[in-house]
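Enquirer: Here it is, the structure, as C-alpha cells.
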Amino acid sequence: MQTGNETLSTDFILLGLFPGMRHTGFLVSVVLLIYTIAITGNTTLILLIWADPHLHTSMYFLLSQLSLIDLAFISSIVPKMLVNFFSGKRKISLIGCGAQIFFTLTLGIAECLLLTFMAYDRYVAICNPLKYPIIISHQVSQKMAIGSWMGGTLSSLVHTAYAMHFPLCGPRELHHFFCEVKAILKLSCEDISAYEKGVVVTSIIVVLLPISFILTSYILIFLQVLQINSREGRSKALATCSSHLTVVIFYYGPAMLIYMRPGSSHTPILNQALFMFDTILTPMLNPLIYSLRNREVVGSMKKVLRKCPIQNRFPCFSD
C-alpha cells in the first residue's frame with residue numbers, strides 16, 4: 001500500500017501527441033499512414049535481402065538488421081498510441097509502461113551500435129577492399145548484429161529496472177505519446193540527480209562515442225576517396241556511403257538534442273517533435289533512403305517485379 005502523496009493507481013495516463021492541439025485526428029491519421037509505409041518498406045527490404053543471393057553479403061545482412069530494428073521500434077510505440085486514440089482510453093498499465101520503456105531503449109541503443117558497426121563495414125570496404133571478405137566475414141557481421149542487440153538489451157534492462165523503482169507522486173499523467181524514461185522521472189518523489197548523471201554517462205557511451213567513431217571512419221573514407229583517380233570510382237564509393245551517412249544524421253541528430261541538450265526536460269513539446277522524428281519518421285525513411293540510393297537494391301526489386309505475375313498472388317519470393 002502506498003503512502004504520502006503517492007497515487008493509489010498503478011496505471012499511467014498518456015496524454016498523447018501534443019496535448020491541446022486542435023487537429024490531433026489529422027496528425028494521428030498521418031502517423032497511421034507513416035506506420036503503414038514503414039512496415040511495408042522495411043518488410044520488403046528484409047524479404048529482398050533474404051530472397052536475392054546477390055544481396056547475401058555482410059553489408060546487406062547488417063542492413064536487414066537495421067530494418068528489423070526499425071520494424072520493432074515503430075511497432076513498440078505506434079499501435080498502442082493508435083489504440084488509445086481511437087478507443088478514447090489513454091491508460092497504460094505499470095507493466096505495459098515498463099515493457100514499452102524496455103523495448104524502446106533496447107531498440108534505440110541497438111540501432112546506435114548497429115549504425116556504428118555499419119560505418120566500420122563501409123570503412124573496411126573502401127579503405128581495405130582486398131581484405132574486406134576476411135575482416136568482415138559473415139561470422140563477423142553476425143557477431144556485430146548480436147553485439148548490437150545484446151548491448152541494447154543489457155543497457156536497457158539496467159535503466160528500466162532503475163527508473164521504474166522510484167516512487168511516484170501526484171497524478172500519473174505523462175505528457176507524451178509513449179512511456180519514456182525522462183517523462184516517468186518527472187513524476188518521481190525522490191531526488192533523481194544521481195540517476196540523471198548516470199543517464200548522461202550512458203548518453204556519452206551510446207551516442208557520443210559511436211558518433212565519434214562514425215565521423216572518424218568517414219574522414220578516413222573521404223581521404224581514401226580523394227586518392228581514387230577515376231571519377232566513376234569516386235562516385236561509386238561515395239554512393240555506397242551516402243545512404244548510411246544520411247541515416248546516421250537523421251537518427252543521431254534528434255537523439256543528441258533530446259538527451260544531451262541542456263534544459264531539454266523543460267521543453268516537452270519540442271521533445272515530442274524530436275521523438276516523433278526519431279521513432280516514427282526515421283523507420284519510414286530508412287528503407288526509402290537505402291532503396292532509392294542503392295543500385296543493387298533497386299536492381300533486385302526490378303528483378304522480383306519482373307518475376308511476379310500479376311495474376312498470381314505470392315510467387316515473388318518463392319525461389
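Every residue, even glycine, has its Cβ placed from backbone N, Cα and C.
Residues annotated as domain 'G-protein coupled receptors family 1 profile' in TrEMBL: 41-290. As annotated by TrEMBL, transmembrane segment applies to 26-51, 57-78, 99-120, 200-225, 237-260, 272-292.
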Enquirer: Is the transmembrane segment (272-292) in contact with the transmembrane segment (57-78), using at least 3 Cβ pairs under 8 Å (sequence separation of 6 or more) as the test?
Expert: yes
Enquirer: Does the transmembrane segment (237-260) reach the transmembrane segment (99-120), going by 3 or more CB pairs under 8 Å (6 or more apart in sequence)?
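Expert: In this chain the transmembrane segment (237-260) contacts the transmembrane segment (99-120) - 3 or more Cβ pairs sit under 8 Å.
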Enquirer: Can you name the far-off residues of the same chain, 6+ from the ends of the transmembrane segment (272-292), with a Cβ under 8 Å from a Cβ of it?
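Expert: Sequence-distant neighbours of the transmembrane segment (272-292): 17-18, 31, 34-35, 37-38, 41-42, 44-45, 63, 66-67, 70-71, 73-74, 77-78, 104, 108, 175-178, 180, 243, 246-247, 250-251, 254-255, 257-258, 298, 301.
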Enquirer: Report, as numbers and ranges, every residue of the chain located at least six residues beyond the transmembrane segment (26-51) whose Cβ falls under 8 Å of a Cβ in that stretch; write 'none' if there are none.
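Expert: For the transmembrane segment (26-51), the sequence-distant neighbours (Cβ-Cβ under 8 Å, at least 6 residues beyond its ends) are 17-18, 60-61, 63-64, 67-68, 70-71, 74-75, 78-79, 81-82, 85, 276, 280-281, 283-284, 286-288, 290-291, 297, 300-301, 304, 316-317, 319.
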Enquirer: If you average per-residue pLDDT over the domain 'G-protein coupled receptors family 1 profile' (41-290), what number do you get?
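Expert: The average pLDDT of the model in the domain 'G-protein coupled receptors family 1 profile' (41-290) works out to 86.
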